[in-house]
Amino acid sequence: MSILSTRKADKIDALAEGGTSLAMDALRRTFRNPVAIIGLVIVALFVILAIIAPFIAPKDPYVPYPELQNQLTPSNIPGPMPGFVLGSDQNGYDFFSRLLVGAQQTLFVGVFATLIGVAIGMVIGGLAGAFGGWVDTVLMRLTDIMLSIPSLLLAISIAALLPGSQWTVIIAVAMIGVPVFARLLRGAMMAQRSSDHVLAATALGVKRRTIVFRHMLPNSIGPVIVQATLTLATAIIDAAALSFLGLGDSDWRRAEWGLMLGKAQELLSVKPSLAFYPAIAIIIVALGFTLLGESMRESLDPKNRR
Amino acid sequence: MALLDVRDLSVVFKRKGTRPFTAVDGVSFSVEPGQTVGLVGESGSGKSVTSLAIMGLLPKRGAEVTGSVTFSDTELLTLSDKQLRDRRGRDLGMVFQDPLSSLNPVITIGLQITEVLERHRGMSRKEARSEAVELLGRVGLPDPQRRIGEYPHQLSGGMRQRVLIAIALACQPKLLIADEPTTALDVTIQAQILSLLSELVSETDTALIMITHDLGVVAGLCDEVNVMYGGRIVERAERHGLFARSRHPYTHGLLESIPRLDAPRGEPLRPIKGSVSDNIEWSQGCAFAPRCPNATDVCWSDPPELVEDRGGMLRCHNPVAAAEDAVTEGAL
């Protein structure tokens, strides 16, 4: 009896700590999930690696080394040797250093492609959800058109139209995400429009702008955040695919996993590790973001609440 | 001059491909300052739609509102959206049915009160905050200083409804519409919330429209009761009159169907048979006729009018206690 009541008191005290918002609550639940922790660790390691890569890379990734170039023949690319952990790449650069620095470039492309996609998608979806009516109809039909084009085809067309640079890849990949984010936010905001608390706020004479930005948007943003995490994974893969197809970045020297993978395709018989390591890196990072995103989605789902 | 005067209010829902549906059909009533008026009826009787129409909260597309709603000499139905927004919350407040879903889950209850105070009373954030603490204290929320920083899911159902009442009363509206404010609450909490409402309303001389299906709520609170059926008012009486001698068979049936502690043991409840979906159109006769124990041929052919009846109003061909009814029948 007394144990029960103390336990209850503890619980009440814990509740009384106050100020735990739904978002905090969801976050707490996310990190009780081992899958989420695995995802988070992978993502965290990747981000840390991306930040410190230039400082820990044993050699300069953008300079050819004569001792590697000397041994370079069309049928032989030097493997590991003292000072060069994974040996040379096809141009006599230090492969290991390029692999490390590649994390940075890959993260850069993934993050910016996702951010641009989220930004444009949220503007479209937000406008459609806030105004409804013909604004909604026009914007959503445009979104439908974008969705009806296969995503990689869309990215390839954009990349083919724009001059080849890293930003071309980013924009092309971002466009794949735009209709998805627009749809997602619009749907969530539509649900909010007819919700009781928005009706209650309207009944209190709260301004339209306040209703949209304070009452509708914050309640609709959860699925967008989750989708953004998942999109980071596909953005990295899509960017790699574009590079692999030789579209986008024209700077062949840039150490980016997708590009490295693309350039390695003719050399699979000579030195398979040139393709193997970037590919594995992409897979692990994409897996990390996917695990994190999926478990976030799970814990934000109201059906899974305690 | 009444504070709120509803004249001949009708709401027709129109949708492509379906028959227009008349949810509210020529409803008239008025509310004096400080008065508590009940709108009673079962689901689908049009009581909530009436309140939404008064507040101007029905969607512009698909709902056709006709008639007039005059609030202290202003016609509400013709106001622009912006003018209406200025009035809502300040002159007209509303408390909804489900306290959890009526609060925004992602912001603190404090912010939800202060945003109204800032909007309508031009308070600074700091003033609004201290006013909000006071308001929460007044509606009986324990430890308002701390609660103000909490989120709706951290409060109990009764506390949430108290918060909603505090929000609705924040700007001292002249009229408060309470749409089934106790339906989602426990019985014990219901009583607390009702007494809180009546206390606050009489303290501040606020007029109250109480929308409910629960005659118990009416008994404790309302000065005047309008019983609605099928979108029309079928009986109006002051509270004691309604309970002592309800005239309309529908009201009578509602009263009969309430379980009573003083009824003999084992006595079955007497429900009103059928459901709202059995209604016939008012144009064909009395909408209640298919479910009415007193229905006669005239009920199936002539729609009854709302006429004066013993100090109240009644819309019935064959009221209960038919013995005294020859006079009323003659008047028709």
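Going from the start of the chain as shown, residues are counted 1 onward.
Placed from the backbone N, Cα and C atoms, the Cβ positions cover glycine too.
Going by TrEMBL, these are the annotated features:
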DOMAIN    A:103-293  domain 'ABC transmembrane type-1'
TRANSMEM  A:35-57  transmembrane segment
TRANSMEM  A:107-135  transmembrane segment
TRANSMEM  A:142-161  transmembrane segment
TRANSMEM  A:167-185  transmembrane segment
TRANSMEM  A:224-247  transmembrane segment
TRANSMEM  A:274-293  transmembrane segment
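Same-chain residues lying 6 or more positions outside the transmembrane segment (A:224-247) and placing a CB less than 8 Å from one of its CB atoms are 106, 109-111, 113-114, 117-118, 121-122, 151-152, 155-156, 159-160, 164, 168-170, 172-174, 176-177, 180-181, 184-185, 188, 256-259, 261-262, 265, 278, 282, 285-290, 292-294, 296-297, 300. Recorded stretches compared: A:35-57, A:107-135, A:142-161, A:167-185; the one with the most Cβ pairs under 8 Å to the transmembrane segment (A:274-293) is A:35-57. Remote same-chain partners of the transmembrane segment (A:142-161), defined as residues 6 or more beyond its termini with a Cβ less than 8 Å from a stretch Cβ, comprise 124, 168-169, 171-173, 175-176, 178-180, 182-183, 186, 238, 241-242, 245, 247-248. Packing against the transmembrane segment (A:107-135) from elsewhere in the chain are residues 46-47, 50, 142-143, 166, 169-171, 173-190, 192-193, 212, 216-217, 220, 224, 228, 231-232, 235-236, 238-239, 256, 258: each is 6 or more residues past its ends and has a CB under 8 Å from a CB in it.
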